[in-house]
Every structure is written in C-alpha cells, then in structure tokens.
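K.L.:
Here's the feature list from TrEMBL:
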DOMAIN    308-590  domain 'ABC transmembrane type-1'
DOMAIN    623-847  domain 'ABC transporter'
DOMAIN    968-1255  domain 'ABC transmembrane type-1'
DOMAIN    1292-1526  domain 'ABC transporter'
TRANSMEM  43-61  transmembrane segment
TRANSMEM  81-103  transmembrane segment
TRANSMEM  115-133  transmembrane segment
TRANSMEM  177-196  transmembrane segment
TRANSMEM  303-325  transmembrane segment
TRANSMEM  419-441  transmembrane segment
TRANSMEM  524-552  transmembrane segment
TRANSMEM  966-988  transmembrane segment
TRANSMEM  1011-1034  transmembrane segment
TRANSMEM  1088-1105  transmembrane segment
TRANSMEM  1111-1129  transmembrane segment
TRANSMEM  1194-1216  transmembrane segment
Amino acid sequence: MAFQHNDTYHPFPDGFCADKFWDWQSTWYTSDPYFTDCFESTALVWVPCGYLWAMLPFQIYHIGSRSFNIKQWTWNSLLKITFCLLLALLSGMDMFAVVYYWIEHGRNSMPPSSLVAAIVKLATFLLSALIIFADKKRARASSGILFFFWFFMLFSAIIILRSQIRIAGEEGLGLKSFHFATGVISIILIVVQLCISCVSERFPTSTATEKNPCPEQFASFLSEMTFTWFSPMAYLGWKRPLQDDDLWTLLPGDRTKHQIDILEKNWLAEMERMHRTIRENAETKSGKKAYQPSLLRALLKSYWFPLLMSALLRIFNDLSIFVTPQVLRLMIDFVEDKSQPAWKGYFYAGLMLLGSCAQTLILNQYLHMCLRLGMHIRGSIVAIVYRKSLRISSSAKRSSNIGEMVNLMSVDAQRFMEFMAYVQMLWSGPVQMGLSIYFLYDLLGVPVFAGLGTLLVVFFANAFLVGKSRSLQIVQMKEKDGRIKMMSEILNGIKVLKLYAWEKSFQQQVTDIRERELTTLRKAAYLGALGYFSWILSPFLVAIATFSTYILSSPANILNPQRAFVALSLLNILRVPLTLLPSAITMATQAAISLKRLTKFLQNEELDPEAVQALPSNDPLSVQVNNGTFCWGHDEPVCLSNVNIDVKQGQLVAVVGQVGAGKSSLCSALLGLMEKRSGDVAIKGNVAYVPQQAWIQNLTLRENILFGNEMDKERYQKTLDACSLRTDLEMLSGGDETEIGERGTNLSGGQKQRVSLARAVYSNADVYILDDPLSAVDAHVGKHIFENVIGPNGVLKNKTRILVTHGIGFLPQTDLIIVLSGGTVSEVGTYRTLLRNRGAFSDFLRTYLTEDSDALADDITDEIIKEQILEEIGIPVSALGSRSSVDPNLARSMSVISSASVRKVRHTLRRDSKRQSNAIEMQKLDGPERSKAAEKGKLVEAEKIETGSVKWAVYMMLAKQMSYSAALGVTLFYGLSYGSSIGANFWLSEWAKDADVPSLATDVEQRNYRLGIYALLGLLQGLFALVSSFTLAYGRIRASRLSQEGMLHRIMRAPMAFFDSTPLGRIVNRFSKDVDSIDTTIPATLEIWIYCLYSVLSILIVISVNTPPFMIVLLPLIIFYYFMQRYFIATSRQLKRLEAVTRSPIFSHFQESVTGNSVIVATKQSQRFIRDNEQRVDKNNATYYPNIASQRWIAVRFEVVGIIVTFSAAILAVLGREYPGLGIDAEQVGMSISYALSLSQILNWFVRMTSDLESNVVSVERIKEYSEIEIEAEWIKESSRPPPNWPGEGKIEFQGYKTRYRPELDLVLKGVDAQVSAGEKIGIVGRTGAGKSSLTLALFRIIEAAEGSIIIDGLNIADLGLHDVRSRITILPQEPVLFSGTLRLNLDPFGKFTDQEVWLALENSHLSRFVRALPEGLNQTVADGGENYSVGQRQLICLARALLRKTKILVLDEATAAIDLETDALIQATISEKFADCTILTIAHRINTIMDSTRIMVLDQGKVKEFATPEKLLSDESGVFYSLAKAANVLPTASASVNPDDENERL
C-alpha cells in the first residue's frame, strides 16, 4: 500500500538537508528499512544532545545540594573527561571537514545540517566534560543523566553508522569517508564512556567517618537502577546468617533525626495555627470553630517531593503497561497477514522487550521509593509519639494510657509504612481501569459499556463492604489497645499476680478482651472474603458482560483472535488494579483510622514549658513560689492552693504533713509537672529529682548513676560512699557493671532508692527535690544518708535541698520547715519556731509520735529527740507506754526544749559515721577485666534470633492452628478456581477459532453454546474462590485465637526467672506486632501468595501448551528462578528476623521512659532520651532498609525472567509464522503472549509474597518460641487437693530446704531446718543476701526446692498445685501494686466476696471513709499502676486484700519499708488486731517492729544461724542477732555510732 500526499514529511527549508526529513516508503513499507540522511543528521543528533541540555537545571540542582569539595582526581574521572574531550575533538574535526568540503567542492557538497550536527555535538561533549568535573568535585558517584545521554548517543551513532555502511555498499562513501572514520572512532569512545558510566566513582573521604557505609551512596546509576549495589549483602546472607555487624549505616537522609525534624516543624505549625485561631476567636468573641490541626497536612508538607516523584514514576509505569497490548494487536495482525515482512515481527518482539524492560526498571524504582518513604514516615511517627509522650501532661496520661501509646508506635506507625506501597494505587488504579476501558472501547465499541456498568456495580458493592470494614477496624483497634494495656499491666505486676494466685482471673480478662477483638476480626474476615470474591470475579464479569453484549448486539460482531486476546490482555491489566485497589482502599481505611488516633494523641495537652521560670544567677533565692495554685488537669480539682515559698540558696528545707496533704504534689508543682492555675514558680539552676518510688533503668548500675553524664572517678567514688553503695557492689556479680533488670528486679527496695539518690547526687545539680527517699531504707542507713548526703555536713551541704520526710529525727537539722495541710501551706519556719507555735506542725508531730511510738526511732538519739518533742508539745511520756528503751528519768528531765538542748541534739545527729575500710576493686578495673565483669553481671539475655530457613514445624504449627482441613481446603479450592480460569481461557481460544469457519461464525446455537460454557466456567471460578476465602477466614480466626491463647497460657505460667531476664517490651512486642501479623498480615499475604502461585502455574501451563517449543526456554528459567529465590530468601528472612529483634528495644525504652518521665523532665534529660529513641529506630531501620532493597534486587532479576518469557513467546510467534511446521496459529500466539505479558508482574508479586510470607511467618516462629517456654508446676493438682480449710492451724516446717533462682546459679538457701508453731509471730532478720526474701518466695513456690521440703499443716507444698498453695497464704508485699480497672477488681478479682465483706475489709484497713467519698465508690477507676492513689493508700488497699483473704499464714515482706509512718502505724495496728490468731512471718525493715515477735529467725548465707525468742537472742552477746541489734543501735547500752554501710547489714 502506498501513501499519497503524506508519504514524506520535511519541516526544514530547502537546501538545509540533502533529502527529506521523513519518508514512509523507506522506513516502514519496505523489506529493508532505513532513515533518511536528513533525519539522521538532525533528529538522531539533536534529540540526545537536546536531552542533555534540557537536563542541565536538574544536574545543577543535584550538584548544588551536595556540600563536598573533592580536590583529588580518580582514574575514572580522568578517563571520562579525556574521552569527552576526544569526542569534542572529533566533532570539531567533522565541523572543519564540512567547512573544508564547502571551500573545496562548493556549498552543495555537504548540507548545512551536517555542520549544525557537528557544532551541536561539539558543544554537548564539552558540556558533558564540565558535568563530569562538577560531579567529581561534589563527590557524586554517578550521573543518571549522563548514562542516558551516552545510551541515546550510542543508539543514534549505531543507526547512522549502519546507514553509512549501507550507502558505502551501494554507492561508495565519497566525500563522507572522513565522517565514516570519525563516526567509527566516536562509537568506540561512546561505548567506552557508556561502560565507564556503569562504574561508580569512589570517594573515601565522603564516608570516612562511617563504620560500614551503605554502598548505595557510591553506586553507579545502572547499579542503582538494577539494585546491583545490594549484591554483596545478598551473597553474604546466602553464605552465612547475617549479623548486626554486617548491616550498613543509614544514609544521612534516611536517619530519623533528619526526618522527624521536618515532620515536627510542620506539625507544630499546624498546632500554632489552631492556637492562633483560638486566640483570634477569643479576641473577636466570634463563635467560629477553631482550626483543627491536620497530621495529614503536616505529612504532605514534609514528604510532598518523594510523593510527587513516585507519582511521576507511577504515571510512566502505567503508560508503559498499555504499550504491550497495542504491540500484541500488531503482532496478531502480523501473524495473520503473511504479506508483512519478517523484520516487523522481530521489531514488535523488540518493542515488547524494551517496553517490558522500561516497565520493570520504572516499577521497581517506584516501589523502592514508596517503601523508603514508608520507612521515613514510620520512623517519624515513632519519634514524634515518643517526643510527645515526654511532654504530655498528667491529665492527658489518663486518657492516653501506655497500651495505646505502644500501639501508636507499633501498629499505627507500621500501617502507615505499609500503606505507602499502595498510596499511589488510589488514583493509579482508577486511571488504569479507565485506560483499559478506553482501549477495550476502541477494540469492541459500545458493548464495552456493559462491562463498565458491571465494574461500577462491583465497585460500589465493595465500597459498601469497605465502609463496614472501616467501622470494624475502629472497634478492633480499641479492643487491641485494651488488650495491650492489660498485658503491660500484667507483666509489670506479674510477681504480685503469682503471689496472690490471681493469674487465672487476669488471664481470663485478657481472653475476654481477645474474644471481643476476634469477634470483630471474624466479621471483618468474612466481609473481606465477600470482597475478594467480587474482586476476583470482576474481571470475568466485565469480560462476559462485554463479550456477550458484543456478539449479541449484532450478527456482524464476530469474536476473532485479535479482539479476543487483545481484550483478554487488557482484562488481565484490568485485573491488577482490581486486585490491588481493595487492598489499597483497606490500607487507606486503616491508615485513616491510625491518622485519626495519632492526631488525637498529638493534640493532647502538654506540660507547660514556661510553668517554671529561671531565677537569675545573682538572686539570693533558689526556689520561689508566689501565690501558686496547682491541679492535675483542667477538669481536676485544685490540689495545692495559695502556695508561697521562698527558699534561699544552700538551704535544707523539710516538707512535712499528714497523708494526702499534698507533699508529693508540691514536688511535682516545683518540677512543672502540674497545671499551674495561677501564681509563679521559679528555680535557679539545674534540678535533680528523687521520686518516692525509685525509677531504675535496664542498664548497668554504673550507667544508672551516671545517667548520661561524663565519668568523673573522684565524684563517682564519693557518691558511692555517701549513698552507702560500696558493699552492694561487692555482692553484685559484676560490681557496678552488673546489669539491672527492668524496674530494678534484681535490687531490693532500699538498694533501688539509694541508686536513685546516687543518680541525683552524681548529677551535681543546683537544686535537689527529694520526695521522701529515706522511707525505703533502714533507719540507721537513712541516718547515714542524711548525714553524708542531705544533711548540713553531707556532700550536698552547699546545694539547695527540698526534702519531703516523715523522719522526725532529721527536722532539727533543717534550715526551714514547710508544713502542708489540706493542700495549703499552713506554716513555714524553723524547727524551733514551729515547735513553739504549737500549730499544724505540733499536730503533725502529735499524730506521728502517738500513733507509732516504736517505728519512729531505732536508736538512743531519736528516742531522746522524741521525748523532748513530746514534752514540748504537751504530751506526757507515759502516754506512749513502757516499751521505750530510753531511761524514763532521762526523758522526764528534759521537759523544755531550750536552745542548748536543740544544739546538743543537732550535734548528736551530725556525728560522722565510721567508714568501712574495704574498697571495692571493681572500680579499679579497666579494659578487658571490666568487660569480663560486665559480662558476668549480665542479667537480661539477648533476644534469640533464629537462623536458616523457617522450620517446617513453624508452618505446620500455623496449619495446625488453622486446622489441617481448612489449610487443605484453601489450597484445593484456590486450585479449582484457577483451573476454571484456565479452562475459560482455553475455551475462549477455541471460540475464537470459530471466526475462521463461516458456518460456525454465524451459527447462533454454536455462539450461545460457547457463551454459556464460558459463563459457567467463570461462575465456577468465582464460587471456588468464595469457598476458599471463607475457609481462609475461618482458619485465620482459629489460628489467631489459638496462637495468642497458647502464648498467654505459657507466659502466665512462666517462672519469675523468665521475667527477670526478659525485657517487658520484648514480651509486649510478641503480643502486639507478632499477634497482629497473625491476625491480619499473614492471612492477607497468604491469600495473595496462593493467588500468585496459581497465576504463575497457569501462565506457564498455557504458554507451554500453546507453544511447545517454549519448554526449551522454560527449564533453564525454572532452574534460575529456583536458585535465585533460595539465594534471596536466605538473606531476606534473616534481615526480617533482625528487624523483629531490633524492634523490641524501641518499645522497652519507650515504656521505661514513660515510667520515669518525671525524672527525665525534671533533670532536663529529654533530648538525650529522644536521641536514644532515634538511635534505636535507626538501628531498626538499618535492618529494614536492606530488606526492602533486597525485595527490589530480586524483583528486577525475576522480572527479567518474565521479560525473557514474553520475548520468547513473541519470537516463537514470529518463527511460527515463518515456519508453519511449528504449528503455531494466531489464537495460540494471542493467548500465549496475553498470558506472558502479566508474568513479569506476577513473578514480582510471587517472590515478594514468598519473602513476605516467610518473613511474616517469623512472627509465628517468635510466638511459637514463647509458646514453648519452661513453665511452673501445675496450678491445680486434682489428685492432691488440700482440704478446703487448709491450713487450719498455720504450722510450718522447713526440712533441709535448699533452693536456687535458676539452675545455673548457686544455692541461695543451703539447708534450712526450722519449725514454726501455729499462731507464732516470727521475725526474719539477716544481712542483705542472707536469704530472707528467698525464704518467703520459697514458701509461695515462686522458686522451687532443689532439695528438702516445706511442710504446712502436715502437707508438703511441693505435692500441691501452685494455686492451692499461694491462695491459702497471704502476703503484704513491699511494693503495693494496683492494676487499672475498678477498685473492687483490685480487691476481689474473682468476685468471691460480697460487697458487705469488701466494705468491712476497707473499714478495717482504714479506707472506708476515703472510698465512700469517691464518686463511684468501689467502682472508682484505678489509673495505670494506681497513679491516682498515694503510696500509703495503695499499701492500705493491699492490706484490705489481705483482710479479705484472711488465711492462717501471713507474710510481711518489708511491707512498711517504702511508706510513711502514719500508714505504717495503721497497718501495724490492724495486723495486731485482725491477725492475732494467725502465723505471721515478718521480714524486718525496722528492727523494733519485730522485737515483740514470738521468735526471731536469723539467716546468714542461706542458713538458719539462730532461732529463738528476742530475749534469749539478746542475752547472747556473741550471737549474730546481738551484733545486728548493736549495729542498729537498739540496745540500751549500744553505742550511738552508726555504721555507714549498714544497709548491707539490713534486717
């Protein structure tokens, strides 16, 4: 066929070129195509050169954004610049050659276009040399712009050279011989340039500071496009399991600090806009609604550029997808039309190859960019939630509990990251669908609208399902928050649960929450199954609607191969957005919910940074409060009102008052932790804070004391001495390098408090706020600490100290006393002034001195002070009874406190303590010795990382949890679904053949028969998919229930040793992220994996059946695929494991930070903790980023397999036409290529899903690990249940009892033999490490016997179930632990007692009046950890628990160690009255509390050294107890001196 008037095209003036610009006859309608000389000298030169000039602004931007200034030269740069100059020289020679020809042979000898081409090339090659130099100077490893320039130039040069060779063969070169020579040399140089551009520059100075720099930053452009820079890690991961040291350092732009600064800046701008509108509305008194800050807007402002770039890449990808169906259309025409020249078939095959290659590179760069962006957003969200958690106000903490915050950081941040891979699909999917419909319309006409109508029906049906799913997602996340919160509390209080035998009740609470969560998940799963059914069926429904409308609308409409298979390829393209769009919408829904939750949290009220002002350095005052009124929140009542305090620099100020007077609130107000309603607070200098309940980090003891400060050995040694920590270090296995467990699990209460105090002392602050730190230590140790740390001669003597205390003996030495009463400052003055005023201070003294005369003093000195105070305030000494060890005559002689007597008392209390001579050698160790000590002191075990492939046992565990029948059903029905799909397409192929037979093509009955079978097969495909989806939904819910249930069962039954050595965050991570993987991620991944598996199999089967020669190509491709997959998965799997392991420390650190928030904020250490958090996130991202790179690395390689398959199918189609003996017809070509076109993408999905499945199954592996941990003995042994009233008497007998904490450790009790009679009151004393606490733990079987037995009322407790033992013994623990929920739940979690019994217990524990005053009484909410109750109130609640249980055996484990004296008095009085007929074992804290015991058991080094009455023990001056009593100064004749380290001789 010949063109008429438009056979040629020429846009240039006559004479500019030697011939026309374009000639269809020479380029297309010929068996030997070539371009015109004009086209070659203009378009083929101008286009690549113009591309480089057009890209110049982008090149300048990239160069300008880098700060390096490299002066050294590399061989790579020199070679590239040299070759550029040579190419410029050749172009210059071409230019002069043209001028020479013009001079010698006239202007007509060479067209001007040749001169212009030479000039353009000369200028462009010089520009390329400048670009290379600039790249070198700015340390750019490679330039993509130059790579494409050289590629385009090479392509053009080869075409030009081919034309010159053709001309030379036909006519001879003539005048063009010189140009031919320069052209050949130029091609050689351009090939070399292209090769060199594939090799990156290496600039060591740019990465000199990095330990293991990421190779991406010095990868060449080609390496970046194909992800070849990842190959070294892929090889290493295949060779051996990857380790932390193998991971690369994150690039600067990937680090959390860089990302969070951008996001926080934009979020703060949103918040400022809200505050501004609120102010404007208040000023104008308008009723306008305040601006609502949008986290989405802040995210878009922060990440608009990568979102824009990924959108552009997505556009290019979507356009490239539709090239291949159009080429397929041409290919089928070529196969049917035998007159077309063969080169067109190869040309079409080449177009398919190039189009597929471009699509592969663009798609993988797009996905890499999206996943990288997801990593940035996740890191930013984790960091911004962490930063917010440090600033959140106390009232806001009640609405945003720790469980919710953990979920925000784990689940919600993760969902944003996952959504980024699908975010562009929200618009790209509809665009792809629209383009598919457009091309289908072009192919089939109006009938395609029938398919479009079907698509809209399906779409709106799914929109309805998505809306329902969104509602369910909100409910499910709420339940998940509650479950994680409950698990966090259970893990925090696990020891208490075990001691009370409450595990079953709390396990049931978690199970109940989980069941509600699973009910929601089940509904969502069935909705998802319906959605999947509609989406899997939708391409077929569109096809059947379109084809049936097409053939039924007109008898002339016949379904031929071209229409059928081009339509099928378009429908396959349509299948991709139809498959991914539901996932994208679901993820968008989840992200929207997460966005709402995050926005709500980030809008929470913050601590006012201006609440505490800074006093000038020359101000005589250190602390000043003027008319201060404080509360815990907007809606909370005022806690402190009308507070006026002036504290001078260097003063020691005591804060005293009754329980609930507001002492701790005053400390919080001074630290800025309360809301200031009015007044001013100002402090001079830095602040150190010691909270009432010590906060200890999961670090070494040394790191806890240093608290981020530099090591000053002299100051450190002084701190250890002053805080009486020397002997503790000797006893700890690793000295000060001993790792302290979470919440200080391996330290006693006193040790924790002294470490907390040491942290403050070492900080060398200006102002010290000490919230009753001495209540948790023995009286004589408290005295030592007061004298050596807090008092007038202590290390802090020149510092300003505000001390909350109940220690009456310390008050005479203070410079000022602040008396609080009912939330107001009732009195302020010196000790003597307040005492003589006989006001609120006298009332306070009267309360404390009369309610517990024994607990106030443990030595002669305090007794003297007490007697003096009593006489002064008008209480006769005789009112206290006769138990005082002070000589009554001495006391009565001091009826008036004179100035002299006060001075004498102060002198007595200021005596220096004798220091022990032993010094710990640990402090002198350095280097390897310290490392060994640190290793020895290691407590928390590193998280276990599996290596190698995921074991089949893990998959079998998942299949078993789903049920084997469900797992088999899913596989079988999916197979049947895809079998129906293949059958439908083969049937369509046969149907298309009818078009070649006129009788069949017009046969209505035959047409209807074909249509009916095709519809039936499609319907079967959908039904089988529906059954499979419902089966998977059933299986996933079953697996979710059983996996969490099994892990919870084991965790609740795990021994305490497990919790001591396992960080809480690690366990919470199992219950949050890993359980979430089984709930949602694994089922979704499994469904897509099965889809991909059957899709790949169906494609290979179809191509092999239609084109049998393809089997020759298939076998090596399968082998390549198999080995590459194994090669890749080994690396990907281990990276996923490392990523999971590095995730736990983020949450552990977060929970630790939230617990110690007051200390962090008070000491202004927030920035350091923020840095620590960001470093942990970066460490996690350092494992995640190689993982996403590995996915793209393998995707590129596997998509090459798909490209080879497509290209092979196209080449076989061409060969089939040329060689009819191969038996390949148009129908087979259409079907094979239409299937092959989708193989690249399906293979990409398949390997990604295989990797994701195996990576996510690691969660099953991790849950399996915790479902197989060692557990305690049975809770209930039905074969050996004790009588209902056991123990009826309370007799206890220890028979050669030995025990240890863990199998690998030494014995802590080394053969205890003792008998305790019914009703005896036994005091247990001994130095630290003697085995006191171990004895009580053994009684509750928290630790089991290594040898010997414990007999209670004739029954060996080892033969009974744990709950039968623990529920029949009552303990009042040292640390009062409450759980969130109601007050009644904390008293009676099993609901065994009536309200009347509960109220009676509260009455007897002195809480009845307080509880009745609460708005909801017994149903009053308890905040996390009982934070809305004071420590004293918490301990009284624990006493109420004990009163409810009222067993025959009561254990007091230093129960009054950390509480004030008033609460101590109440507890002691109640125990004496209500447990009079019970056996009581008391681990002594204050020695006088056990002096009225029936007998005292003295333990030393795990053995009973003495066991007799107090009188008998005190009569033996050589005995251990006598020495302890003497050291504690409780003997009438004992020396008043105090041993400085007697905390380690504590009782």
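Using N, Cα and C of the backbone, Cβ positions are placed for all residues, glycine too.
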K.L.:
Short question: which residues 6 or more past the ends of the transmembrane segment (1111-1129) have a Cβ under 8 Å from it?
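P.N.:
For the transmembrane segment (1111-1129), the list is 234, 238, 949, 1100, 1103-1104, 1190, 1193-1194, 1197-1198, 1201, 1204-1205, 1208, 1243, 1247, 1250-1251, 1254.
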K.L.:
Mind checking which residues of the chain, 6+ beyond the ends of the transmembrane segment (81-103), have their Cβ under 8 Å from one of its Cβ atoms?
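P.N.:
Residues 109-110, 114-115, 117-119, 121-122, 125-126, 128-129, 132-133, 175, 178-179, 182, 185-186, 189-190, 192-193, 196.
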K.L.:
Considering only Cβ pairs within less than 8 angstroms, which of the stretches 308-590, 623-847, 968-1255 has the most against the domain 'ABC transporter' (1292-1526)?
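P.N.:
Looking only at 308-590, 623-847, 968-1255, the most contacts with the domain 'ABC transporter' (1292-1526) come from 308-590.
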K.L.:
If you count Cβ pairs under 8 Å, which stretch among 43-61, 115-133, 303-325, 524-552 touches the transmembrane segment (419-441) the most?
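P.N.:
Stretch with the highest Cβ contact count: 303-325.
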K.L.:
With a Cβ cut-off under 8 Å, give me the same-chain residues at least six positions beyond the ends of the transmembrane segment (43-61) that come close to it.
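P.N.:
For the transmembrane segment (43-61), the list is 21, 35, 117, 120-121, 123-124, 127-128, 131, 134, 143, 145-146, 148-149, 152-153, 155-156, 159-160.
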K.L.:
Please work out the mean pLDDT for the residues of the domain 'ABC transporter' (1292-1526).
P.N.:
84
